[in-house]
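Student: Take a look at this one; I'll ask things after.
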């Protein structure tokens, strides 16, 4: 307590009196000098507590109140302040003034009657209970303010503040004021109290007044002056603290700050506080709808708010808040305005998009037009009050419609004008686009595939550039190119179909030979549709290869009209017509052909089958489902490793019918097991109804777990596997050929390819395997096939509706999805007819593999391809089968007006006349035709039924007698099928009362084939014996002697006399006049006694075959050959054959002659038949001089039309092909990839071995290659066509043999030709186990080649080149450098880098041609090799990139040199030297030649 009091005592207290001019208005003017404001600011400095108005005119009552208390001074209260030395002090402030009575306007009378000057100088003030003064409003309302009394009612004044007003006061003279102040000062000075002069209102001060005041102060001793402004709160505290310093001498002297410097500090403080307050407001207030009371309450506790209110007051704070609110509202309105203006163009586009409607309307008229639009209210809103920004619509955020009064603003009018301009520009751009497109369509220079860079100069002009960007024209050009390319492709595909006869005559397979492709070039080369794709050779190549694939492998999926293939349409029509209750029961039967299930046999001993089955199952889903091309298939595997004669190891069980078989081997013993098992399986089903195992698709796979692709044992296994695959006519896959791995490295892609092949086989079986045999004729009397062309301009419904709507139409009993049964009255009896409706491409495969009594062939009269396919089909149909041609037209008027329709109708009718067929035309526009239209044709079929069945029976007897028939039907008998297993639809060929064949017959083998095959197997006696025995059995499956029931003999000329009525009543002849020779030209020297059962000569007539005429009575009709023709040297020259021929020479010519094909009877069929004599059956792999010689010898003596098909008058074609293939296969097979050369008399230890065995680090180049290249560069660089012209095969073989014996062989001394040396060098690379460019690198090379930028492409290729194995890289560098040198002499040798790449890329790369992708990628391979040759210095010698010859930098030809497909001239032409022969035409299919073709040049 004592301490507190001591501390209180220590706080000094000062009583300060503020004096200055006072009095009436006469003395002081209209306002005072600011004493009250100065006191107010010092005592209560907060802006809200500061009052500017303090009146001195009071009423008597106010004067007498406790605040004034009848005194002429005011007590302002007590103030605590901390001075500069941090010492706190208290100050009591008193203001000496003079109050004026509001009645008399004279000073109020008070207790002290002295004048103001004396009263103001008083140092003792007393006024009992006098209250502290706040403001004028306090007077009379003292209770509403704080009531604080003057302490003790008295004060002793310690100092005076003498105020001088330096502003320009109203009605006041400053000099008079100064006189008053001077007198007052003199009076104050008498008190000896400190005095400080305070200049008030300096914010409005007059410079002269301030200067005079300072002059006055200077005239007085130690009189200090402080410049202040109470309103601006400048130096107010400084005035009082200065006086306190004078009062208390112990305190330091206060520094007096000039007014303007102090004002600057105060302004900075206020500005800082304002910025902080504005930041606070912007942070708190986000919505323009906020109000001040709520916001001020939120800010009450914020220092920023408190500081600003203290300095500037609440009103200014509120004013700033309102300004912020106004700004937020303005920003909000502007945002809404921008949104509305942004939506306005969209509204214009939606409501007035038509330029014609608004082109000449002003904005005002357009506004009226907008109101009439149906969707006006969707875009605009009409407000009751305007303008829109002054209404509550601005806060309606859900309504985004545009206020309609916005249209009256200038921005809206500008947007409307912009909209008009946009519409006008769009119209112009559309006109430019149309004009550009018309230019494209009419310009003769725009052809499919022409690059934009070449076309631009022909079609662009300045107007086009003015209105549209070039990218737009490029886009239009690209779309136009796509259209014309698609159209050109469609037209080219139609062209290929129009030449269907050519493709079927050439008998193309998966690897067509270059000679056959040359024929395609010759025939199609002049067609405009062929030339149209000149710049798209890769696409044209792909279309040709795709069409070849279709011809070779016709399915619904490969059909050019897919998915609108006729077969699919027919299946849908028939399935929708008939609901078969038996379908449910058929799901579990053996005849189920559901392609969603794959049954696969895996054959291999010693655990091979089981291991592969486990690997395949690992690739399946949990429920044994396998995904192929995105579709799920159920996969059922049956691994077999034991004796297949045992039921447990049988290929087929009551619940498992195989669709294919994978045969595995890894040794000679396991290969022998495969051969024995296949033989046993085929023998067990040979004479049975379900003999489809004979044609089960097989795939032979060499298992090599180590992944070793070298070594003599592996090569021997590969070679033997290829020989066995050739014998069995199955696919062979080995680890080096297609990336096949086994064990952990099984190739899922290859497994998928195998399964796809099985699916294709099943689909083909769906079309042809459901027919019954002759034995089933009790159920079906006739089998008719109706052929339709896919893609014809008529609906299959029009053709089938009369059939399906007939009441006699029933579902086929065999469950075929393409067949129906008809019961029609033909003659005196009703006949059951099985009508199969198929596409032409499906019908090709059944012409000789299925019993068909007649064909109804449809074609469109206005489509060339339709009639072309019909001609191709009829070429291979026997002339005893009746044909009904049906032409579909658009009506009689169309026929008269359309030359094509008229020509095709005429041609169809002429074909029918020449083949003695029937012809009719049906307008598609007329009501549907009736079945009665075909009644005459059905009568012809009935008349020829017996001879057709007898002929088919004989053909199948010959077929059953030789199980070595190729699993893939011969193209001559039908369309060739890739990996298909079309079964013979006939199940039994014998009468039901006995078996024609005996399964345990033992027949001798062919010794010559045996010996040859033994040599091939390299001394493997066990396998040699098995294969020789197997081969002999395959070739000698003739029926043993049988004892049939006594046949009922009859004279065929009597029973079949109707066949010889061609000269009566216009009946058509159905048999050719050429002699009928047995199709199986059996050689008694090759066969044992059972031969007599079939072809033993008879005394008067020879039984050719027997037909079950009436199965219920067991009668056998024996058809005899009354006039057997001479063999004309075409047989084997045996005595028995010559004797038989001698017996027949003098016999009378029979009216019955052997059936021939329609091609021999009709001049309009087989127009490309001449090409058949030029080529052998099969691909280039099967071509060779020995086979050619054999075919030439076999065809000698045949003249005329039959010369093109000698087998038809000699022997059964299937047996002949088998024997010929066996002889051919005794030669060296053509594996892929090709292993080393294996010849019967010479085994090389240099050629055909891995590259690493013939090079060393010291000599990285094989010495043979080095010798060859040195010889060629020394003598052959000027040789025309070097590397393109093949050398003599025997000389190349001799060269290799001699070098193999002596590595120091001197080529110059031996006098070998340059072409021989060049061919031997190419042969060296062809015979390498792996190509010089490794397969693993070829993929990277192709990816690098796809880069468009030329320089980047070359650098990418160079990086791939660095990854080559060292040996391969060195040899490749050596060879490419040599070829580069050869190309530099192209003016002489005519071998440019392009020509050299065409010759060398198959040798160096040897790609796999088993897929369409590989075939179509050949252009990339050739171009890659060409780039290596061209840029040899860059790739191998770090030289800069050079420009290719004949191409400007950056030109398309420089970027990607092209190789023409089916063109006779290279893409890059080189000038020929004067008087030199023209360049040798490049082989059209050279880009498609595989490594085997290269080997063929060397053998």
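Every residue, even glycine, has its Cβ placed from backbone N, Cα and C.
Note that this is a predicted model, so its numbers are computed, not measured.
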Student: Could you check Swiss-Prot and say which of 812, 925, 985, 1111 is marked as phosphoserine?
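Tutor: In Swiss-Prot, 985 carries the phosphoserine label; others show none in the record.
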Student: Quick check on the record annotations: which of 1130, 1134 is tagged phosphoserine by Swiss-Prot?
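Tutor: That would be 1134, per the phosphoserine annotation in Swiss-Prot.
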Student: Suppose you had to name the range Swiss-Prot annotates as region 'Disordered'; which of 1124-1148, 1149-1173, 1249-1273 would you pick?
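Tutor: Residues 1124-1148 are the ones Swiss-Prot records as region 'Disordered'.
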Student: Going by Swiss-Prot, point out which residue in 362, 457, 773, 866 is annotated as phosphoserine.
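Tutor: Per Swiss-Prot, the residue annotated as phosphoserine is 773.
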Student: According to DSSP, which kind of secondary structure is residue 96 (GTP binding site) found in, if we only use helix, strand and coil?
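Tutor: Once the DSSP labels are grouped into three classes, residue 96 (GTP binding site) ends up as strand.
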Student: Within the domain 'FF 2' (368-422), count helix residues (DSSP H, G, I), strand residues (E, B) and coil residues, in that order.
Tutor: 33 helix, 4 strand, 18 coil
Student: According to DSSP, folded down to helix, strand and coil, what is residue 52 (GTP binding site)?
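Tutor: Where residue 52 (GTP binding site) sits, the three-state DSSP reduction gives coil.
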Student: Based on DSSP, name the secondary structure state of residue 230 (GTP binding site): helix, strand or coil.
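Tutor: Going by the DSSP assignment, residue 230 (GTP binding site) belongs to neither helix nor strand, so it counts as coil.
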Student: How many other Cβ atoms sit within 10 Å of the Cβ of residue 35 (GTP binding site)?
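Tutor: Counting Cβ neighbours of residue 35 (GTP binding site) within 10 Å gives 25.
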Student: Using a Cβ cut-off under 8 Å and a sequence separation of 6 or more, which residues in the same chain sit near residue 230 (GTP binding site)?
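Tutor: Listed in sequence order: 34, 37, 38, 40, 41, 50, 200, 201, 236.
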Student: For the domain 'FF 1' (270-327), jot down how many residues DSSP puts in helix, in strand and in coil.
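Tutor: Summed over the domain 'FF 1' (270-327), the classes give 47 helix, 0 strand, 11 coil.
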Student: The domain 'FF 4' (485-550): mean pLDDT?
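Tutor: 86, rounded to a whole number.
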Student: Whose Cβ, among the binding-site residues 52, 202, has more other Cβ atoms within 10 Å than any of the rest?
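Tutor: Max Cβ neighbours within 10 Å, all protein chains included: 202.
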Student: In sequence order, which residues at least six apart in the same chain have a CB under 8 Å from the CB of residue 28 (GTP binding site)?
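Tutor: Listed in sequence order: 21, 22, 169, 172.
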